[in-house]
């Protein structure tokens with residue numbers, strides 16, 4: 001099996017899984033319980049919090065555990081909007097965000113907020129000038145994803161935060177679900193940042209919202225005031241432990257792994273470019289090392305995915321989240337691609353576990369599969 | 001361009017005459033303790049300054065920690081280049097750019113201990129100064145009072161450039177002023193008192209009175225966390241946890257309700273003094289602030305202090321509660337302190353304790369029981385933790 005769908009989800013590390021099992025066996029107590037079992041679970045949870053904080057360059061109290069990236073994005077946007085309503089009612093985001101940001105924004109629009117969806121250029125990046133022009137007296141939050149989940153495009157986060165320094169009222173939220181562990185993001189100038197464990201070999205069902213000290217949110221979940229009141233609900237101790245472990249392992253692999261990943265990506269890119277009709281949509285520069293989005297003229301993305309799957313290679317059409325809706329990739333359309341190219345686009349996404357041999361094997365499979373597909377479809 | 005080392009300037013230390021060497025050794029130990037997360041880091045001592053060799057660790061990662069270590073007046077990250085004037089110019093320009101804000105003035109202060117170097121001091125100043133000026137707008141020279149003083153030191157091993165200076169925590173290095181016992185309750189004040197003593201170089205051993213089942217394991221953990229937090233200031237801390245249930249119950253039985261608080265405090269102080277004796281301490285430290293609660297009136301202090309002639313240091317005695325809270329926030333103990341667990345001080349507090357207890361009365365109330373023996377036994381049974389606690393880390397290590 002060649003698994004090249006790591007932006008959809010990654011295979012959990014064995015170590016993370018065994019930490020999950022062990023934590024559930026030995027530290028199953030409710031961290032809020034007064035007795036010893038509860039306290040042990042609570043201490044373990046705090047150690048995990050410490051570890052995650054130090055790995056992402058944050059303070060312990062800046063970590064809010066959530067059920068994943070979607071909840072983190074929802075909490076960041078709706079939480080910030082509702083808590084800062086008295087300061088203004090305008091939010092800025094961009095057209096190629098993840099649905100959990102876009103749809104949260106749509107809901108906020110129904111509640112009376114104004115949302116600006118910035119366009120992107122052919123590489124998928126927003127323009128700082130357009131962002132600056134969009135800022136108004138009413139603007140309370142800007143939400144821009146660090147690495148695009150479909151194309152790997154890196155947004156100019158540093159320039160955005162530099163610009164927003166001049167607007168102290170505006171909170172800056174970054175969706176770093178795809179970037180974490182692969183592309184470094186300095187949280188110093190960022191107010192809110194979403195992470196998801198299963199994108200870095202943790203388990204589904206856990207994530208983090210980084211919330212800079214002093215930033216006010218209106219919680220989405222009310223209840224027992226866990227997570228300092230920002231996110232009620234009994235903590236998913238074992239999932240959080242597995243996330244802390246997976247993040248540590250990922251960060252350890254990153255130092256050497258990125259270079260190798262870039263090498264594999266570069267190899268795949270240059271080999272794919274040799275194939276007739278291939279068009280690569282992931283920009284050459286300012287893109288994450290793990291994603292390659294491409295289309296092949298005349299071959300529907302979905303058909304290609306299934307054909308490759310028969311030979312044991314796993315890729316995605318656009319993002320896994322939107323593929324079920326059978327819609328043309330809004331990300332690629334926003335980048336100015338014709339619908340036909342967007343429809344035939346597929347996404348190949350790597351992890352540090354992938355090897356050059358797999359890349360070579362994948363290309364062999366692709367080259368063998370393509371003639372059959374083009375014959376039928378033409 | 002990466003920083004190669006950090007220059008440490010000593011504060012009050014330089015005035016300490018013959019003890020100087022000991023002071024410097026202790027400072028080195030404190031620094032290594034606070035940077036223990038980075039095993040690659042080494043420290044080089046020299047007579048009027050100290051160098052931290054970063055060995056690849058980014059300066060930003062250690063900066064905040066270093067600014068908490070007592071005994072450091074200021075510190076500067078230093079860039080190292082080869083003995084090559086072009087390389088030096090480039091590094092100088094980047095350093096100035098990094099620290100520049102419009103309208104700043106600057107100067108170059110070159111020193112050349114390696115006389116073999118092709119340029120002399122003035123030529124270095126000129127070469128680097130003119131290069132920086134040419135490449136930057138709105139930067140002017142001021143040799144008397146520059147905003148940016150770019151130090152350039154040419155040595156045999158390379159050239160060292162620096163122009164940033166960060167204030168240290170000042171004070172004296174940990175352990176240079178002897179040992180004292182800190183009564184650590186879990187509230188807001190006592191950790192702050194401990195912090196101030198650490199600042200003056202006192203080695204702290206903390207004492208906590210634990211009364212299970214009246215006080216929970218969480219209350220105890222909170223105190224461990226507080227003591228652990230204090231170790232961030234470059235000091236290892238021992239925490240003694242004394243079983244206090246039996247004595248507290250006895251006090252409730254024997255002493256009239258409005259005097260139980262006074263008696264409790266007397267027992268605590270007497271036991272702290274016994275532990276101090278055992279541990280070779282020189283003083284006892286409390287977080288008392290005058291008039292804050294019933295036990296902290298002058299009358300109460302006298303009635304309580306009566307049990308010992310050991311100096312009882314009260315660094316917060318004249319501070320207002322809000323001032324104390326500010327410091328607690330700054331040193332990161334506040335949020336731990338406000339966790340809502342019952343501690344030894346709150347649980348048995350009578351509804352109306354005496355604010356003006358009479359010494360003679362409390363002495364008489366206590367005279368009917370052999371508290372001495374009970375106290376000896378409690379001290380005998382106390383548990384001692386060494387912080388920072390590596391064991392905690394080990395316990396969860398394979399999970400994280």
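Glycine is treated like the rest: Cβ placed from N, Cα and C.
Annotated features in TrEMBL:
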type	residues	note
DOMAIN	B:60-165	domain 'THUMP'
BINDING	B:183, B:184, B:208, B:209, B:265, B:287, B:296	ATP binding site
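Annotated features taken from TrEMBL, shown on the structure.
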residue : record           : contacts (Cβ under 8 Å, 6+ apart)
B:183   : ATP binding site : B:190, B:206, B:207, B:268, B:269, B:272, B:284, B:285, B:286, B:287
B:184   : ATP binding site : B:190, B:191, B:194, B:206, B:207, B:208, B:223, B:226, B:227, B:239
B:265   : ATP binding site : B:295, B:300, B:304
B:296   : ATP binding site : B:288, B:289, B:290
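Applying DSSP to the domain 'THUMP' (B:60-165) sorts its residues as follows: 36 helix, 33 strand, 37 coil. Summarised as a single figure, the pLDDT of the domain 'THUMP' (B:60-165) averages 91.
Over all protein chains present, the Cβ of residue B:287 (ATP binding site) has 25 other Cβ atoms lying within 10 Å. If you draw a 10 Å sphere around the CB of residue B:209 (ATP binding site), it holds 28 other CB atoms from the protein chains shown. With a 10 A radius on its CB, residue B:208 (ATP binding site) counts 29 other CB atoms from all the protein chains. Taken over all pairs of the listed ATP-binding residues (B:183, B:184, B:208, B:209, B:265, B:287, B:296), the Cα spread reaches a maximum of 18 Å, rounded to the nearest whole number.
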